[in-house]
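> What TrEMBL lists as Zn(2+) 1 binding site is 88, 99, 196. Positions annotated as Zn(2+) 2 binding site by TrEMBL: 99, 132, 387. What TrEMBL records for 221, 279, 292 is allantoate binding site. The feature compositional bias 'Basic and acidic residues' is assigned by TrEMBL to 1-23. Per TrEMBL, domain 'Peptidase M20 dimerisation' is recorded for 215-314. Positions annotated as region 'Disordered' by TrEMBL: 1-28.
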Ligand SMILES: [Zn+2]
């Protein structure tokens, strides 16, 4: 096969992936917006579609105990553990069509392209049924089921309509009492590979179609309460106030400066001013802080120092300050050998030096890291936009990612 012919084949496969992404986007709660949540009729239809494409690609298919859809390229003589490729098939509300789904479709297409190639290991593709947590606010349910960390307490969690996860599983045709019982163990996994849109602007800025992910940032979230003294906006002199919001304004500036100095990201995304009247001095402010870093150590020390700084600002202004940690996720590094392998195939197919970049967003890979070495590849997306209908990738970039994925899947053979 000439070089030109092989280019044409991958390009037509990439075009097929794009069409399939459009088709997947049609399985939605409403026709105007793409929303596909866990254990819904849309989930069922989308996975039935994936299963039929998997069969077409010659894969063995099954659904697991938490509703993930699997396909396997069966090895006639497996002498090594199984390679797992995957991403998620659920979406946020009013989503774009590539977040998660592109990774599933690329994995499936890579296996179809390798139809006649005999490998000494099975290769599984998995569509995780819940990553976003759109319905139950509990994220990463699909990969948790596979990695052996599905929490039975999640079954009691209710959606906005008061339907528990257990009863939603029941209506979907799953047995909640065995949810997570078919998890996989590390000795049986060769590696976990995930291709995902970048969801940020780095690759676009560097004019590169794909990039190698170094790891997934750890995150901590806090809820802060700052209390001062409410009072009359006209009668209390400016120098005699305990204005909680003025204190918080200074804190937010401190947070931004600190993040800039320490090369981390920190965001105050929610702020509530009380009592919230035009003529009353703010007596209390509640705000959130989301802080992330690829280095768990740096995350811990930065949070500690920053909280001290905020408390000091409060003290200077005679305000009370309380912080409550409401969420934390450990930073997870991608396996160095797998990063290297990705870089090799990327350089082969782009003729450019591979770009290594961290992920600021969470992914199924961070849960799969509990049972497997993980390797991730990012695909450039337009302006870094994601979780939005304007999410967009080009067929050319998808074609490069597919070439890389096809090589990567075969690269474990001795
Ligand atoms: Zn995603």
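The backbone N, Cα and C atoms fix where each Cβ goes, glycine too.
Curation plays no part in TrEMBL annotations; they are all automatic predictions.
As the structure is a computational prediction, the values presented were derived from the model and not from experiment.
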> Hey, for the Zn(2+) 2 site built from 99, 132, 387, who else sits with CB inside 8 A of the CB center?
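The surrounding set, listed in chain order, is 91, 92, 95, 96, 100, 131, 386.
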> Checking the binding-site residues 221, 279, 292, 387: which ones have Cβ within under 6 Å of ligand 1?
none
> Given the binding-site residues 221, 279, 292, 387, which lie close to residue 99 (Zn(2+) 1 binding site), meaning Cα to Cα within 10 A?
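If one measures from the Cα of residue 99 (Zn(2+) 1 binding site), the binding-site residues that come within 10 Å are 387.
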> When you measure from the Cβ of residue 99 (Zn(2+) 1 binding site), how many other Cβ atoms are you left with inside 10 Å?
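Around the Cβ of residue 99 (Zn(2+) 1 binding site), 25 other Cβ atoms lie within 10 Å.
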> May I have the DSSP-based helix, strand and coil counts for the residues of the domain 'Peptidase M20 dimerisation' (215-314)?
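Summed over the domain 'Peptidase M20 dimerisation' (215-314), the classes give 41 helix, 33 strand, 26 coil.
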> Across the record's allantoate-binding residues 221, 279, 292, the largest CA-CA distance in angstrom?
37
> Beyond the listed site residues 88, 99, 196, identify every same-chain residue whose Cβ lies within 8 Å of the center of their Cβ atoms for the Zn(2+) 1 site.
87, 98, 100, 101, 102, 103, 131, 197, 363, 364
